[in-house]
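Asker: Residues annotated as domain 'Dihydrodipicolinate reductase N-terminal' in TrEMBL: 1-98. The NAD(+) binding site annotation in TrEMBL covers Gly7, Tyr8, Ser9, Gly10, Arg11, Met12, Glu40, Gly71, Thr72, Thr73, Ser95, Phe96, Asn97, Phe98. Here TrEMBL flags Lys41 as NADP(+) binding site. As annotated by TrEMBL, domain 'Dihydrodipicolinate reductase C-terminal' applies to 101-213. As annotated by TrEMBL, active site, proton donor applies to Lys132.
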Amino acid sequence: MKYGIIGYSGRMGQAIEKLFSKAGHKLVYQKDENSEKETEKPEVIIDFSLKEAFPKTVRVIEEKKVPLVIGTTGLDEDDFAKLDKLAEEVPVIQSFNFSIGINILSELIKKVNQYVDQDWDIEISETHHRFKKDKPSGTAIMLGNLLDRDIEMHSKRLGSEFGEHEVDFASTGEVLTLKHRAYSREAFTRGALLSAEAILDLKPGFYSFPEILNN
Ligand SMILES: NC(=O)C1=CN([C@@H]2O[C@H](COP(=O)(O)OP(=O)(O)OC[C@H]3O[C@@H](n4cnc5c(N)ncnc54)[C@H](O)[C@@H]3O)[C@@H](O)[C@H]2O)C=CC1
Ligand SMILES: O=C(O)C1=N[C@H](C(=O)O)C[C@H](O)C1
């Protein structure tokens with residue numbers, strides 16, 4: 001597969017290239033804040049850049065009309081409206097967290113949510129590396145949106161932590177804690193690879209990562 005990366009020089013861009021080349025795929029397009037290089041037209045573009053890069057990502061996909069796998073966080077409703085527009089022309093797979101574990105955690109949270117009433121306190125904590133620009137994480141926001149109330153979020157920025165998310169449910173007599181921790185960026189790049197390979201067979205439309213996992 002010929003693929004492109006927007007956010008090539010970043011932590012995720014570099015991790016994507018490492019896993020994709022191991023899988024035998026060919027990098028033909030790369031874009032960063034101040035550079036862009038294309039040797040052939042890509043069959044799919046992977047975006048792990050930044051919120052401020054998003055308008056340019058939209059323009060690149062509008063121009064190249066190729067499928068998009070996007071993991072960039074910090075996107076707002078207007079950005080999602082632009083993704084929906086792109087998805088009229090090409091398949092788009094979006095996830096704030098491409099790890100299998102977080103998608104399992106999401107299902108567990110939906111289950112617990114059926115049992116806890118207003119007598120239970122619920123709080124979410126996330127820990128990431130010191131260089132992460134957005135706070136709270138996109139994953140924490142996504143997990144919070146699975147619950148039927150506004151959730152207190154706590155963020156730590158420590159060293160080179162790859163990503164830890166903890167959801168605590170507490171009544172006055174007990175605490176139930178669900179936690180996921182990434183030990184490597186491969187936790188995310190594996191899901192991005194699965195999505196990039198799957199998207200080649202998809203019709204135009206907006207797809208979540210769970211939809212790809214369940215296929
Ligand atoms: N969905 C998921 O599974 C995951 C999502 N992420 C998200 O991916 C994004 C990138 O994370 P990192 O690689 O750690 O960040 P980073 O800061 O290491 O890399 C950001 C990249 O974006 C590029 N960039 C910045 N402005 C740009 C612009 N205007 N045009 C094009 N490129 C531009 C930079 O050159 C750099 O290559 C973040 O939003 C992060 O939250 C990170 C890990 C997993
Ligand atoms: O910036 C990161 O590293 C990560 N960001 C994503 C997020 O904001 O949820 C996903 C993962 O936790 C790693």
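Cβ coordinates come from backbone N, Cα and C, glycine included.
Describe the structural context of each listed feature in the structure shown, including burial, neighbouring residues and relevant distances.
Answerer: Model confidence over the domain 'Dihydrodipicolinate reductase N-terminal' (1-98) is summarised by a mean pLDDT of 98.
Of all Cβ atoms in the protein chains displayed, 11 besides its own lie within 10 Å of the Cβ of Glu40 (NAD(+) binding site).
Other Cβ atoms within 10 Å of the Cβ of Lys41 (NADP(+) binding site) number 12 in total over all chains.
A 10 Å cutoff on Cβ-Cβ distances gives Lys132 (active site, proton donor) a total of 16 other Cβ atoms nearby, all chains included. DSSP classifies Lys132 (active site, proton donor) as coil under the three-state reduction.
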Asker: With DSSP as the reference, give the number of residues of the domain 'Dihydrodipicolinate reductase C-terminal' (101-213) in helix, strand and coil.
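Answerer: Counting residues by DSSP class gives 39 helix, 32 strand, 42 coil.
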Asker: Output: those recorded positions from Gly7, Ser9, Glu40, Ser95, Asn97, Lys132 whose CB lies less than 6 Å from an atom of ligand 2, in sequence order; none if no residue fits.
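Answerer: Among the recorded positions listed, those whose Cβ sits under 6 Å from ligand 2 are Asn97, Lys132.
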Asker: Given the binding-site residues Gly7, Thr72, Asn97, state which is nearest to Lys41 (NADP(+) binding site) when distance is taken between Cα atoms.
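Answerer: So, of the listed binding-site residues, the one sitting closest to Lys41 (NADP(+) binding site) is Gly7.
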Asker: Got a sec? Which of Arg11, Glu40, Lys41, Asn97, the binding-site residues, have CB under 6 Å of any ligand 1 atom?
Answerer: Arg11, Asn97
Asker: Could you say which of the binding-site residues Thr72, Asn97 has its Cβ with the most other Cβ atoms inside 10 Å?
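Answerer: Comparing the binding-site residues Thr72, Asn97, the most crowded Cβ belongs to Asn97.
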Asker: If the NAD(+) binders are Gly7, Tyr8, Ser9, Gly10, Arg11, Met12, Glu40, Gly71, Thr72, Thr73, Ser95, Phe96, Asn97, Phe98 per the record, what's the largest distance between their Cα atoms, in Å?
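Answerer: Overall maximum Cα spacing for these binding residues reaches 29 Å.
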